[in-house]
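Accompanying notes for the structure given below.
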Amino acid sequence: MSLLTEVETPTRNGWECRCNDSSDPLIIAASIIGILHLILWILNRLFFKCIYRRLKYGLKRGPSTEGVPESMREEYRQEQQSAVDVDDGHFVNIELE
């Protein structure tokens, strides 16, 4: 005798929805929160690189460049840009021989 014949299978009545009162405000609120959470999660996954780069580098104000020669300002800008460019490589490819 196989195991499949000994397992009880639920009847059609067992799969029916038991929450007939779907106009309950708690159920509606939970549904709205769930949908909003899903939308925000999808947007986060789509734009996380832009969002976190903006948070990491965009909100920080650099040191004041008052009284600093233009050549040093340009050097500082290049260093900052190279730091941003390096940050693009979150994922590293490792090749095994």
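Any Cβ shown, glycine's included, is placed from N, Cα and C.
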By the record in Swiss-Prot, which of Cys17, Cys50 is the one labelled S-palmitoyl cysteine? Cys50
One should report the C-alpha separation between Cys50 (S-palmitoyl cysteine) and Ser82 (phosphoserine), rounded to whole angstrom, as 17
Taking DSSP as the reference, which of helix, strand or coil describes Cys50 (S-palmitoyl cysteine)? helix
